[in-house]
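Feature annotation from TrEMBL assigns domain 'Cobalamin-independent methionine synthase MetE N-terminal' to 3-316. Per TrEMBL, 5-methyltetrahydropteroyltri-L-glutamate binding site is recorded for K18, N116, R521, C522, W567. The domain 'Cobalamin-independent methionine synthase MetE C-terminal/archaeal' feature in TrEMBL is assigned to 432-755. The L-methionine binding site annotation in TrEMBL covers I437, G438, S439, E490, D605. As annotated by TrEMBL, Zn(2+) 1 binding site applies to H647, C649, E671, C733. For H658, the entry in TrEMBL reads Zn(2+) 2 binding site. Annotated active site, proton donor per TrEMBL: H701, in sequence order.
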Amino acid sequence: MASHIVGYPRMGPKRELKFALESFWDGKSTAEDLEKVATDLRASIWKQMADAGIKYIPSNTFSYYDQVLDTTAMLGAVPERYSWTGGEIGFDTYFSMARGNATVPAMEMTKWFDTNYHFIVPELGPNTKFSYSSHKAVNEYKEAKALGVDTVPVLIGPVSYLLLSKPAKGVEKGFPLLSLLSSILPVYKEVIAELKAAGASWIQFDEPTLVLDLDAHKLAAFSAAYTELESALSGLNVLVETYFADVPAESFKTLTSLSSVTAYGFDLVRGTQTVELIKSGFPAGKYLFAGVVDGRNIWADDLAASLSTLQALEAVVGKDKLVVSTSCSLMHTAVDLVNETKLDSEIKSWLAFAAQKVVEVDALAKALAGQKDEAYFAANAAAQASRRSSPRVTNEEVQKAAAALKGSDHRRATNVSARLDAQQRKLNLPVLPTTTIGSFPQTVELRRVRREYKAKKISEEEYVSAIKEEISKVVKLQEELDIDVLVHGEPERNDMVEYFGEQLSGFAFTANGWVQSYGSRCVKPPIIYGDVSRPNPMTVFWSKTAQSMTSRPMKGMLTGPVTILNWSFVRNDQPRFETCYQIALAIKKEVEDLEAAGIQVIQIDEAALREGLPLRKAEHAFYLDWAVHSFRITNCEIKDTTQIHTHMCYSNFNDIIHSIINMDADVITIENSRSDEKLLSVFREGVKYGAGIGPGVYDIHSPRIPSTEEIADRINKMLAVLDTNILWVNPDCGLKTRKYTEVKPALTNMVSAAKLIRTQLASAK
């Protein structure tokens, strides 16, 4: 009985790749140094899977930045602005596309389906020239083979690659990206030929777009692509892998009728309906890669339940054609539970990180083959039972409060325009008010103070004094820059979700549970294992302290319930919306305490609202309904004069703009510059927005410093579609990851641009 892993985390158990990348980018180490770290990481991953007994081990799932960008490099689809002249694509061009450089901006970054991972969006057009320009897939296959591991090379499938792309700048918006299929397939054929020559016997194409709602024309592209590749693929076993949701019936039919394909991979954790499709018509003689072990969450698999699912599938497809797999790549989960020395043993017994999931997959495969490890299965059953009955999981008071929410939609009593008038009388802000999103640079010194306080090397008194000093610096700097609505800079916070989770009950935390978000950036999602409540105020002390240092309005900074939910590993024993309502009630208490402490502007960030949107349209309305409702719960009972802001980033908002309006925030700040001001097209198309809005005027994910003219030009573009009295001027996102040498000049130019336009508007009157 065979086992398979769709993909594996690349950062390393202790974030080795992150540190190697950042050292290389800072010029502190060489390309050879970076490559050595990467080679060692890959070798240890392959060895680990081989030792665990996995039969189908993936290669080419490692990446220096992003797997979609790797495909862009493979195809030589480098946008002109990077002045690439051909040949094998090196780090210089590759990292310029990912991060921008001194002269040109990076490519757009957006969410990988409904995960918190970001991919680099290919920019294509009728004039894009494709050529085989990165031999990474073949090199990594050979590298594993030299170590004695025969792997399954993984490529992003040609159709998904095109469907995830966007028309390049200057190319018509409606340009049919699938028309490029015949131009990219020759490169795929070259790659396949080289893999065959190198000795590969299997190849995996990831085609996750098959789980989306695709029309007949898009489905036809899959048939066309794999028919065209058929002769190149002959002699190879071909696996097409899908994940993150059910495959719709029509797509299932298209997929399972591809004659060049030997095996199909399905996510049976998120795609529970797919089991029925398999039972009612799986092609004879083909392999089923059954994704029963969850690649998106950190809970130990319920082995008994998975085994019975697998036994039912075995009866359909046959013993020798069933392969036990993960539901998707394990890159969305933490790396290894072995590195968690601080988690208590009860909670730890409920968990499995990537390394443990590899063992689970193998144990299930062996059990199916009649070699069941009884002790392993018994320990798993005991852990499942302990989780179900643990008193730590349930809080009746919280359950009751959340149940009582049904039946009201929790709106503020007054409409937004009346509230904005009341707020303006109180805050007295200029036209085009300036603000930032919340965080200021986290210096080495600051991280050291937090680390030492956590390790009890400095007293609480010393810690509080150091943080107050940092807040004071940030407040002074903003006053010098003449920013209108200030922030305290969040020096006391490690991460916008972790910080709150640490102060809420029902959450557990890891020491090394890092997950890649983009490039070298990793997040450490908290684990929501039980009912959520807020024992004490969380931010009031710091917000009050910061407000006492200035006469300008100081924003209270909170993370919203949907974002806390979407950026955590969430309990899987109750519906997600129930957990979200519990978090909303906890944040509501905090909002009310901030208001009582005299904070007049409160920002409740919902950066991840769009990210949680289900992949299938039929499920959108239900999700948006409870997500937006959760946000409104947090601030439904505060005064008209208290201004509620929210912030969202890196997503395509155009399709949910009505839900955003329905959140009923007073002001929304929103990422806008990297996605080429896509957001503004919503307003050009006639959507009326009456609340305050701040589409970001510059990209903080790049070290580039925009000029005053560039920002003024952006503001003017916004004024073409938005009313002057609702427009705010702000960066795209928080400034935590930037250096002060970048932040000061960029904010100086931002304020100058706002003042310049104010002057122009005044003289035009």
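Numbering starts at 1 and runs along the chain as it is shown here.
A Cβ is built for glycine as well, from the same backbone N, Cα and C atoms used for every other residue.
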Cα-Cα distance, maximum over I437, G438, S439, E490, D605, record's L-methionine binders, Å: 13
Cβ atoms near R521 (5-methyltetrahydropteroyltri-L-glutamate binding site) (within 10 Å, other residues, all chains): 15
Cα-Cα distance linking C649 (Zn(2+) 1 binding site) and N116 (5-methyltetrahydropteroyltri-L-glutamate binding site), given in Å to the nearest integer: 11
Which of K18, H647, H658, H701, the listed recorded positions, has fewest other Cβ atoms within 10 Å: H658
Pairwise CA distance, S439 (L-methionine binding site) versus W567 (5-methyltetrahydropteroyltri-L-glutamate binding site), rounded so that it is a whole Å: 18
Which recorded positions sit within 10 Å of H647 (Zn(2+) 1 binding site) - Cα, from I437, D605, H701: I437, D605
Closest of K18, C522, W567, E671, C733 to G438 (L-methionine binding site), Cα positions, binding-site residues only: C733
Residues within 8 Å of the I437, G438, S439, E490, D605 Cβ centre (excluding the L-methionine site residues themselves): T436, V487, M496, M557, Q603, H647, G734, K736
Among I437, C522, C733 [binding-site residues], residue with fewest other Cβ within 10 Å: C522
H658 (Zn(2+) 2 binding site) and C649 (Zn(2+) 1 binding site), Cα-Cα, nearest whole angstrom: 17
CB contacts for E671 (Zn(2+) 1 binding site) [other CB atoms within 10 A, all chains]: 26
